[in-house]
Amino acid sequence: MAQLPPGIRFITLFSRDQWYRAFIFILTFLLYASFHLSRKPISIVKGELHKHCAASHEVELNSYREYAAQIQPVKKPSNVSQCGWEPFDKNNYKQLLGALDYSFLCAYAIGMYLSGIIGERLPIRYYLTVGMLASGLFTAMFGLGYFYNIHNLWFYIMAQIANGLVQTTGWPSVVTCIGNWFGKGRRGLIMGMWNSHTSVGNILGSLIAAYWVSTCWGLSFVVPGVIIAVMGIVCFLFLIEHPKDISCSCTPSSSSKAFLNGAGRFRVQMPTLNAKETCKSQTLQDPEMEHLLIDSENCTMSLNSGTAVTAEGRHGTSAISFLGALRIPGVIEFSLCLLFAKLVSYTFLFWLPLYITNVEHLDAKRAGDLSTLFDVGGIFGGILAGPISDRLEKRASTCGMMLLLAAPTLYMFSAVSKMGLEATIVMLLISGALVNGPYALITTAVSADLGTHKSLKGNARALSTVTAIIDGTGSVGAALGPLLAGLISPSGWNNVFYMLMVADACALLV
């Protein structure tokens, strides 16, 4: 018999269930990366919406007029500005750009509290698909303002508000789905690696937006909008909400359990002598089979019938209420911690390219490319925080340690970044790791821990709501950070960094 090719031998090393888990890991990674990819363009385009005037250089002005005449032939003479895109070409441009950030993030924060509750009661695949298609529409809508020569501030604000609301469908959905497929074993490591989709999405969004920002900034929004819409279609075609949807074995077939994630919940009952003992022994043998959303109490259901019974899962266990989720120990504390941690992270997300433009005197494209190093550091920080917390078995201590180091690092960044490009690169990597590490840990592993807390007594329908509460509270900080940066930055960038250091200290205290 001929020897199997190396590729086939590699495939046979893993079971069917393991391949499906890897597929869901990669798919949900790409789905949520596309969400962040579509959020990043606004920070890159800020440097193009408002330019520093160079009125003393007549040659530059003439070349700008010729270029504007070529790419915008229908633009009215009254709207032509050498300082950027009206209405962001005035002296109050930082406040206006801050209003764009605030409108998106405030809508995101409000919508997140509702999204988790809604997501517990709808099919994840449909809910996420609709959200991604709508996100693509509203992201592209902002860029259409360039092509249709729109200079009304409220057009851009409404596009941001609508996009913020529909983007709340993403996080609770993907966390619940990944929770269905992966267990408690090595949760910090797995979630840390998976959560790097945030930084990967930011990097791709920066590179895509920067490619067109200096020539046709409308495409900096339209292209990411198309990408997330296409990924929404991929979600509809391929996302599998639960292992049992394709008869993947997550627990022994002889046990009884309810599958309670998304709609179409059902209960399978098979005869066995002691289902509760079987459930326990299986999860002890393989930590990866100890799924996040297994309702352990269902193992004790009556097993007198040998037939499969289909029913709505809410008849057995109702979805947790908002107040019920708040009473879970640790939810309020970690929510407040994330509020301040996300304030710092999102201030960098939305204002870092403009800061680099002002301090390093780079154009919008180069500043956008350089800002991706902060997210590269964030990838390493998120992955590093996971296994450390697994080893210590203390999520809060890991977050506290990184927050303690982050505050002085931010001070060093504000001082060192003025010394040259090389120093800025190093500090971007270090700051990204320490700022995004706690943020990544809280939104993934900590949320999963709290969503399956022992106080729930086996209620499997809490993870999406808990995740939404924690991330929604964090999004309040995400809304405040860029807004405060827009208000404070006219008095000097140093004051912005002082504000960020105070926020880090508050997160550490909480």
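Even glycines carry a Cβ here, placed using N, Cα and C.
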Candidate ranges 156-173, 372-389 [criterion: TrEMBL lists as transmembrane segment]: 372-389
Spatial neighbours of the transmembrane segment (194-213) far in sequence, C-beta under 8 Å, 6+ residues away: 25, 28-30, 32-41, 43-45, 47-48, 178, 219-221, 223-224, 227, 349, 353, 364-366, 368-369, 371-372, 375-376, 378-379, 382-383, 432, 436, 440, 443-444
Spatial neighbours of the transmembrane segment (396-413) far in sequence, C-beta under 8 Å, 6+ residues away: 334, 337, 341, 344, 381, 385, 388-389, 427-428, 430-431, 434-435, 437-438, 441-442, 446, 497, 500-501, 504-505, 507-508
